[in-house]
Structure formats: structure tokens, C-alpha cells
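One structure below.
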Amino acid sequence: MPPVDPESEDLSAHMLVGGLSRSGSPDPRGLIMSRRRLPFWPLMFVLAIVSVFSVIASLAFGSERIPLGEVVAAVTDRFAGEPAGRWDVIIWELRLPRALLALVVGAGLAIAGAGMQTLVRNTLADPYLLGISSGASVGATAALTTGALAGLGLYAVSTGALLGAVGSALLIWLIATAQGGLTPIRLVLSGVVLSSGLSAIASLLVFLSDSERAANSVMFWMLGSVGGATWEKLGIPAAFVVVLAAGLLAVHRWLDALAAGPETAVALGINVAAMRLALFVCLSVVVGVLVAVSGGVGFVGLIVPHAARLVVGARHRVVLPVAALAGAVFLVWVDVLARVAVRPQEIPLGVVTGVLGAPLFLLLMGRGAYRFGGDR
């Protein structure tokens with residue numbers, strides 16, 4: 001069969017309908033679905049409005065509750081150039097950067113989750129599947145317990161986490177390629193093995209630390225938080241998430257073909273090995289950046305993309321935008337719940353997402369289609 005331009009509308013005629021069931025046969029509930037469930041643009045409009053409302057509403061919640069009317073007044077006064085009010089510093093310097101970072105991290109993890117599910121051809125994969133977060137944990141733990149990057153000040157932990165994430169991604173690539181290439185099953189096995197080893201190293205560093213404060217900081221960071229958000233910390237993760245989203249949308253047809261299987265992708269003239277490598281590198285870097293600023297926040301990249309596929313179908317040109325907005329809204333409200341559940345104390349984000357996500361994960365597993373995409 002002659003190659004088909006992956007950017008053409010004829011791609012759908014050459015693609016498998018459905019992913020893989022547990023038996024490996026085509027499954028209409030899998031990664032590629034030709035029928036949408038809800039109209040895309042109306043849903044995007046609703047999600048965009050909800051995103052804006054969620055950010056504004058979240059500014060009212062914290063160790064001290066601010067009336068929503070005061071929040072709206074503070075926002076409008078700032079844009080109108082009015083003098084700063086009573087809540088101005090709390091809203092603009094503490095809560096708004098935090099809400100926006102939750103928005104960025106939620107969107108980024110959801111997009112990365114959709115990409116990871118395509119890379120390993122399974123809708124129950126998530127951004128942390130390959131051990132990137134474990135590598136980030138080692139880097140952050142080393143920075144906190146040894147003071148190796150103390151000269152970087154507030155950026156020491158984030159820098160250590162990013163270095164650890166990039167290092168773990170490099171190790172996974174070396175292990176997988178040494179075994180014969182970046183196939184889904186090799187990526188998953190390499191990631192699982194490396195994740196276990198890196199988690200053990202992080203635990204050992206905490207155990208050997210003679211600083212109780214550092215150990216507590218490590219444990220809280222590992223479970224995820226956006227409490228350290230500042231305006232200065234927003235730019236880098238936001239830029240990486242925007243670039244990742246734009247890049248994946250630009251090659252959405254290639255992603256559809258890759259999800260359908262290597263045979264389909266090759267028939268369409270796609271270099272599967274190069275595509276997998278590029279996707280792996282991009283996802284690893286972005287996940288590393290997000291983990292560096294927020295710690296380990298589980299289940300967002302697992303549940304949100306899967307739910308998006310159930311709502312709008314599995315074409316990447318509709319899944320990616322819907323997942324991004326849904327993930328953003330989800331994490332903003334998770335952060336609100338983390339702040340108010342045991343006020344004035346704060347629950348780590350990973351605890352909240354775990355409590356909410358574990359039952360949903362079991363529900364999704366019951367739907368089938370959780371076989372990884374084979375050794376090709």
C-alpha cells in the first residue's frame with residue numbers, strides 16, 4: 001500500500017478503529033475512536049469559562065476565607081488602577097500565582113498523560129509511568145538533605161528535581177535502546193525497574209539525613225504541592241506546557257496513527273522509531289519541569305485524558321485541548337480542597353488526588369483495554 005500523507009483527511013480511512021483489548025484484538029473502547037460523544041467547540045467554551053471562574057473562586061479559599069465579593073472587587077480594582085485594598089497582597093502575591101500554577105500543572109500533566117498513553121498504547125498509562133517522577137524525587141531529596149545546590153536559593157529544590165528527572169529519562173533511554181529500541185513494553189519495564197531503584201535511593205537519603213526539617217520537607221514535596229508558587233516560577237512551566245501542547249497538536253494525525261499501531265504508522269510513511277523517541281524526550285522534559293515545581297501529583301495524567309476520550313472520542317486534535325482544560329480545572333479545585341479540608345493545615349495534593357483517583361482508576365480498569373502495546 002503506498003504511503004499516505006499523515007496530514008491529509010484521508011488518514012481516517014487507513015486507521016484502525018479501536019485500540020487493543022486484553023486479548024490484543026481491536027477494541028472500539030481503546031485509543032482510537034472514530035465517533036465523538038459531545039460537540040467539541042461548545043465543550044471547549046464551557047471548560048474555558050469554568051477555568052476562569054475556578055481561578056477567581058479559588059482566590060477566596062485558604063487559611064483565611066475571603067468573601068467572593070471582596071475577591072472580585074480586588075481583581076477589578078487592580079485592573080482599574082485603584083489603590084490596594086485589604087486583601088490585595090494575599091490575593092495577588094500568594095493565591096493568584098498558586099491558582100495559576102495549579103492551572104498550568106494540571107493542564108500539563110493531562111497533556112503529558114495523553115501523550116504517554118499514546119506512546120505506550122494504553123489508556124491507563126500516566127506521565128509518571130516511566131519513572132521520571134522518581135528521578136525528580138532523588139534530585140529534590142539530594143538538594144534538600146545535602147545542600148548541594150544551596151547556592152541557587154529558592155530554586156535549589158526545583159533545579160535538583162529537574163536534573164534528576166532528566167537523568168532518569170536518559171537512563172531509561174539507554175536501557176531501552178540497549179535492549180533493542182524504544183518499544184512500549186521496553187519503555188514500561190525499564191521505567192518500572194528504574195522507578196523502584198530511584199525510590200529506594202530517595203528513601204535512603206531521607207533515612208540518612210540528620211535534619212528532621214529537611215526530611216519533612218522532602219516527604220511533603222514528594223506528595224505534591226503548589227504552595228511555593230510565585231510569579232517568577234510561573235513562566236518556565238507555562239512556556240513548556242504551551243510548547244508541548246502546540247507541538248502535539250501540530251502532529252495530531254501522526255499521534256493517531258502511532259496509537260493505532262506501528263504497522264498503521266509505517267503504512268502512512270511515519271518513522272515510528274523517530275516519532276517515539278521525539279515523543280519520549282518531549283514528555284520527559286515537560287514532566288520533569290512540572291514535577292520540579294509541584295512535586296509528585298498523581299492520577300491527573302491518568303484519569304483526565306481517559307475521561308476526555310470517553311467524552312469526545314480519541315482523536316488527538318480534540319482530546320488534547322479538552323484534557324488540558326479539564327486537567328487545569330481539576331487541579332485548581334484539588335488545591336482548594338487541600339487548603340480547606342483541615343484548615344489551617346494543608347494536605348499535600350498527591351493525597352487528595354490519590355483519594356479521588358484510586359476509586360476512579362479501579363473503575364477504569366474494569367472497562368478493560370489495559371494491555372500495553374506489545375513489543376513492536
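Numbering starts at 1 and runs along the chain as it is shown here.
Yeah, the Cβs are placed from backbone N, Cα and C, and that goes for glycine too.
Among the features that TrEMBL reports, transmembrane segment is placed at 38-61 (among others). Same-chain residues lying 6+ beyond the ends of the transmembrane segment (38-61) with a Cβ under 8 Å from its Cβ atoms: 67-68, 70-72, 74-75, 91, 95-96, 99-100, 102-103, 311-312, 318, 321-322, 325-326, 328-329, 332-333, 335-336, 339-340.
The transmembrane segment annotation in TrEMBL covers 96-116 (among others). Using a Cβ-Cβ cut-off under 8 Å and counting only residues 6 or more beyond its ends in the same chain, the transmembrane segment (96-116) has close neighbours at 51, 54-55, 58-59, 125-127, 129-130, 226-227, 229-231, 233-234, 237-238, 240-241, 244-245, 248, 255, 279, 282-283, 286-287, 289-290, 293-294, 297, 300-302, 304-305, 308, 316, 319-320, 323-332, 334-335.
Residues or ranges marked as transmembrane segment in TrEMBL: 155-175 (among others).
Remote same-chain partners of the transmembrane segment (187-208), defined as residues 6 or more beyond its termini with a Cβ less than 8 Å from a stretch Cβ, comprise 119-120, 125, 128-135, 137-138, 141-142, 145-146, 164, 168, 171-172, 175-176, 179, 215, 218-219, 222, 280, 372. Taken from TrEMBL, the feature transmembrane segment applies to 187-208 (among others).
The feature transmembrane segment is assigned by TrEMBL to 238-255 (among others). Within the same chain, residues 6-8, 11, 100, 104, 107-108, 111-112, 114-115, 118, 265, 268, 270, 275, 279, 282-283, 285-286, 289-290, 315-317, 320-321, 324 sit at least 6 positions outside the transmembrane segment (238-255) and bring their C-beta atoms closer than 8 Å to a C-beta of that stretch.
Within the same chain, residues 101, 104-106, 108-119, 123-128, 130, 132-133, 135-137, 140, 157-159, 161-162, 164-166, 169, 172-173, 182-183, 187, 220-226, 228-229, 233, 236-237, 240-241, 244, 247-248, 254-255, 258, 265, 319, 323, 326-327, 330-331, 334, 348-350, 353-354, 356-358, 360-361, 364 sit at least 6 positions outside the transmembrane segment (275-306) and bring their C-beta atoms closer than 8 Å to a C-beta of that stretch. Taken from TrEMBL, the feature transmembrane segment covers 275-306 (among others).
Outside the transmembrane segment (318-341), and at least 6 residues removed from its termini, the chain residues within Cβ reach (under 8 Å) are 36, 40, 43-44, 47-48, 50-51, 54-55, 57-58, 61-63, 98-99, 102-111, 113-114, 225-226, 245, 248-249, 252, 297, 300-301, 304-305, 307-309, 311-312, 347-349, 351-353, 356. The annotation transmembrane segment is assigned in TrEMBL to 318-341 (among others).
Annotation source TrEMBL lists transmembrane segment at 347-366 (among others).
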